[in-house]
Amino acid sequence: MASQLLEAKVMVESLRVAELQSLLSAMGKDKKGLKKDLVQRVTELLHNNFHPELFSAIQELYDHRHYTAKANSRRSQVITMLTAVEVVANHPKKSCGPVHKPEVHMIKLPFYQTLETIVAPVSLVPTFSTRPQTNYITFCLTTKQSAQIKNRQTKAGVTSVQVVLRICYTESIGVEDDQYPPNIAVLVNGHDCPVQAHYSSNKKGLEPCHPCRPINLTPFVKQITENRVAISWENIGKFYSVAVYLVKVFSSADLHAQLQKNGVQSVECCKQKVCEKLRCNPENEITTTGLQVSLICPLAKTRMSTPCRAQTCAHLQCFDAAFYLQMNERKPSWTCPVCHKPALFDTLQIDGLLSGILQCADEAVKEIEYLSNGSWRAVGKEKECSKTTDLSSLSHKNSSVVRDVVDLTQCSSDSDDGGEAMQREQIVWTHVKNERVRFSKGNVHVKL
Ligand SMILES: [Zn+2]
Ligand SMILES: [Zn+2]
């Protein structure tokens, strides 16, 4: 509230006398006097009682001024764009105009692989002084593009090769996220094209919420003749660019298969990471405890089948790749559920070591621990060991537990020929005079 008031005061000071007068008369106040008196009067109105309608009127006047100032500074550019709002692609002579904005790079989307650019990013230039705007783009598909769409079409008419419309900001430098302007609507050859736009409230002039997805034009696109796309939007003074691409659409299952094919981090690399972690952790030099990793996906809350994390993640804990991809297919956020840092598709890696452990470890095991000697063991409900009777003379029955310790080198080779007998070392932990003592029973063969 306080910041909103401050913001409003700054905006009021930048308004013209005529604008201040119209504000005051709309609020039923005296509009005579010098500019400083008018500013004073509007500011008092803001201070004494918060009028939402006054605030939005100030915002609107300010936005209009702000936009006009920007437009004037780049007048020559805007004028040349206005003459060529309709861009005709695949007609080299016409499309070589200044309207193409090669500096706009739309962000790479994992679920949409760009095959070809049909209309390179062009600015959505306001042509009317009113807020609602309409811009047109036209394009023709090449016979090759038409064939690509047809070849990928199923009987139900769904195609994995699509013609999509994407919109993003023109203004900032670098790669841009998709963002629709307020009140977006798209007509393709006169047909209403569905746009998935969600608004946080029904306040006017609001941009649809993230994430904005590419708009599928395919069902309305003509294969041979020219296509005309009308984009209706509301001008709030922001600069948008629009482009049309031929894309291959992937499902989360497709991406999962890609990851399994190309994104598996080798057992050796993973072990190295574990060893580095254990060395870096000074606590491990004094205690026998290692690094604990849960086998339960923090997202799905079930046992992982494809444990993965981003290359950029510092932690060992993984999450389930299939579930993570499905989640991002519904709502792309690409954020690591463990460290909450970006975990983009291109940086995802399947943990080869943990994959093997998941295959070896009993279904009941919920958590494992990496030990400083390069092995791992299951952690969980400390079960009383049936063998404790043999060793009852050495320990109190209640405090002794048995844990399975598995040599990591054994595990990786065993997981390859799956289900083979695995060497396990039965270890009995007991407490003698509050000291942890380890008794090894030697190698016992356990049939999995
Ligand atoms: Zn044409
Ligand atoms: Zn992370």
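Numbering starts at 1 and runs along the chain as displayed.
Backbone N, Cα and C define each Cβ position, glycine as well.
The domain 'SAP' feature in TrEMBL is assigned to 12-46. The domain 'PINIT' annotation in TrEMBL covers 91-250. What TrEMBL lists as domain 'SP-RING-type' is 282-367.
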Going by DSSP, how much of the domain 'SP-RING-type' (282-367) is helix, how much is strand and how much is coil, in residues?
26 helix, 19 strand, 41 coil
Integer average pLDDT (0 to 100) for the domain 'SP-RING-type' (282-367):
91
With DSSP as the reference, give the number of residues of the domain 'SAP' (12-46) in helix, strand and coil.
24 helix, 0 strand, 11 coil
